[in-house]
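What follows is a single structure, written as structure tokens, with notes after it.
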Amino acid sequence: MKLQELLKNTKPLAIVGDVDVDITGVNIDSRKVKSGHLFVAMKGTQVDGHQFIPKAIELGAKAVLCQDMPEAKAEGVTYVQVADTEDAAGKVATLFHGDPSRHLTLVGVTGTNGKTTIATLLYNMFRKMGHKCGLLSTVCNYIEDEAIPADHTTPDPIELNALLGRMVQAGCEYAFMECSSHAIAQKRISGLKFAGGIFTNLTRDHLDYHKTFENYRDAKKAFFDGLPKTAFAITNADDKNGMVMVQNTKATVKTYSIRQMADFRARIIEMHFAGMYLDVDGHEVGVQFIGKFNVSNLLAVYGAARMLGKAPEDILVTLSTLHSVSGRLEPVQSPDGYTAIVDYAHTPDALANVLSSIHEVLNGKGQIITVCGAGGNRDHGKRPIMAQEAVKQSDRVIITSDNPRFEDPQAIIDDMLAGLNKEQMKKVVAIVDRKEAIKTACMMAQKGDVILVAGKGHENYQEIKGVKHHFDDKEVLHEIFNA
Ligand SMILES: CC(=O)N[C@H]1[C@@H](OP(=O)(O)OP(=O)(O)OC[C@H]2O[C@@H](n3ccc(=O)[nH]c3=O)[C@H](O)[C@@H]2O)O[C@H](CO)[C@@H](O)[C@@H]1O[C@H](C)C(=O)N[C@@H](C)C(=O)N[C@H](CCC(=O)O)C(=O)O
Ligand SMILES: Nc1ncnc2c1ncn2[C@@H]1O[C@H](COP(=O)(O)OP(=O)(O)OP(=O)(O)O)[C@@H](O)[C@H]1O
Ligand SMILES: N[C@H](CCC[C@H](N)C(=O)O)C(=O)O
Ligand SMILES: [Mg+2]
């Protein structure tokens, strides 16, 4: 593709060299550059990509998109200066991959919790309704049946557009994706055309990156600010920031709620460990999910499907056949008559919600033993609050390691324990080794009890000092139960 074509949606401040050159690839990482590529230099959180321009040219880059025009220029290379390479990267990448979002019905989900659940359920639902679909999510990316491992919630703009391009080639009509706050702030989704956006909720997370809650909220809001007039914006009326999210959007706003008047409403009729009976917009439906927050998630799915033109009856019939997403309130039954639940709750709010969901079902008939930790090299402030939330709603708590990353596991545990007073500490033991912690919980549990293993959900690794060691909470539980 000609460089000139690729620059169609960007406003170059200066161009040095020929724009009538063929570009065979677009890259933001010099290490991946091949002959004929366009290298986009971005100012990152760790390094300034501009310093890799010579490296990219050495590897064959024919053109460079930059924010700062380098003094020394290589012969035969075209230099294009723009005000914001982060924004330009997505716009260029999407054109290079055939502008896929304009050939798909693309729906994005943002918010602190529930993104994976909602995006995955929409993907499962629309496939069951006979459509070809793609999914971009924390757990895994999919192009129809083909699984493509995910290392981000939202891939970088190059991979993101490449994946969307492959979805179009595979004949997909719909794509459902998670839009993380990092991805929105870093403009990974720049240049994409969304048919709709969904807001789940907003609670404390990622303050290590966004610094303040307001910045974090505004990052999420920027997604709705950027939606076109043709799109829908579905928001959670039960969340304090639900209406803030959509206050400046051009999209058609719809609300969902389990507590008040809204465009899409639901209420719980009955709940047990196998599922719930709901009233959704006046229709009764049985679903294989538990927890109030899942009613909100299901409503968001229902609302989006309605906005995408599906009939209420068809949506609800399909909804009743869907089951829990990997590592989200996923039960593992012990032979001794207690239930272990693996869940990805890794924020104070998610932990509190999961525990109250378990209480709603348990109804005082058993004890709750919680095993949880907090990730290393992430928000330190959430650690003591997570410990408090765990203690508040559990009978016993085992504080352990999550992904320590580059931090000392014991130091993370100490940060968590610092949130507890003497009285609360009586319920708590700290065991650094996660497997030992899970084993200990299993030894404590009696018939009828529930063990919540929180924080890692679907993850099949534990990241220690840059190395991912195989570790899978569900597998550990099965191992213990079969021993
Ligand atoms: C903090 C953060 O989000 N960082 C992301 C960011 O990298 P960065 O700004 O730190 O990049 P950098 O290392 O400073 O490098 C700057 C530029 O130089 C380039 N470079 C670098 C080295 C080199 O040799 N050559 C070269 O060209 C890099 O490719 C980059 O373009 O941009 C990169 C490309 O998009 C991301 O891969 C990277 O994700 C890091 C690995 C990460 O861990 N991100 C997490 C926190 C994240 O994004 N999480 C969210 C989900 C969170 C949630 O909601 O739970 C996600 O969407 O996954
Ligand atoms: N609507 C919700 N409200 C509050 N908590 C939720 C909600 N949905 C899910 N959770 C909790 O949050 C955890 C993460 O859910 P999910 O993976 O769907 O969210 P996510 O937004 O994709 O998270 P991440 O940002 O880590 O990718 C679940 O394991 C559950 O504990
Ligand atoms: N997407 C989130 C996932 C956190 C999961 C938890 N297990 C942890 O490692 O902290 C993050 O990267 O912050
Ligand atoms: Mg997710």
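Using N, Cα and C of the backbone, Cβ positions are placed for all residues, glycine too.
Counting only same-chain residues at least 6 apart in sequence, those with a Cβ under 8 Å from the Cβ of T117 (ATP binding site) are N294, N297, V325, R328. What TrEMBL records for G111, T112, N113, G114, K115, T116, T117 is ATP binding site.
The meso-2,6-diaminopimelate binding site annotation in TrEMBL covers R378, D402, N403, P404, R405, G455, E459. R378 (meso-2,6-diaminopimelate binding site) falls within neither a helix nor a strand when secondary structure is assigned with DSSP, and so counts as coil. Cβ neighbour count for R378 (meso-2,6-diaminopimelate binding site) (all protein chains, 10 Å cutoff from its Cβ): 19.
Annotation source TrEMBL lists domain 'Mur ligase N-terminal catalytic' at 23-96.
Positions annotated as domain 'Mur ligase central' by TrEMBL: 109-305. Model confidence over the domain 'Mur ligase central' (109-305) is summarised by a mean pLDDT of 95.
Annotation source TrEMBL lists domain 'Mur ligase C-terminal' at 327-457.
A simple way to gauge crowding: the CB of K220 (N6-carboxylysine) has 24 other CB atoms within 10 angstroms, across all the protein chains here. The N6-carboxylysine feature in TrEMBL is assigned to K220.
Reported as a whole number, the C-alpha separation between G455 (meso-2,6-diaminopimelate binding site) and N113 (ATP binding site) equals 12 Å. Taking the Cβ of T116 (ATP binding site) as centre and 10 Å as the limit, one finds 25 other Cβ atoms among all the protein chains shown. When Cβ neighbours within 10 Å are tallied across all protein chains shown, the highest count among the binding-site residues T112, N113 belongs to N113. A 10 Å radius around the C-alpha of K220 (N6-carboxylysine) takes in these binding-site residues out of T112, N113, P404, E459, in sequence order: T112. Taking the centre of the Cβ atoms of R378, D402, N403, P404, R405, G455, E459 as the meso-2,6-diaminopimelate site, the nearby residues of that chain (Cβ within 8 Å, site residues left out) are H346, G373, A374, G375, G376, S401, K456, Q462, E463. Within 8 Å of the centroid of the Cβ atoms of G111, T112, N113, G114, K115, T116, T117, where the record puts ATP, the same chain has further Cβ atoms from V109, I118, E178, T200, N201, N297. Note: the CA-CA distance between P404 (meso-2,6-diaminopimelate binding site) and N113 (ATP binding site) rounds to 21 Å.
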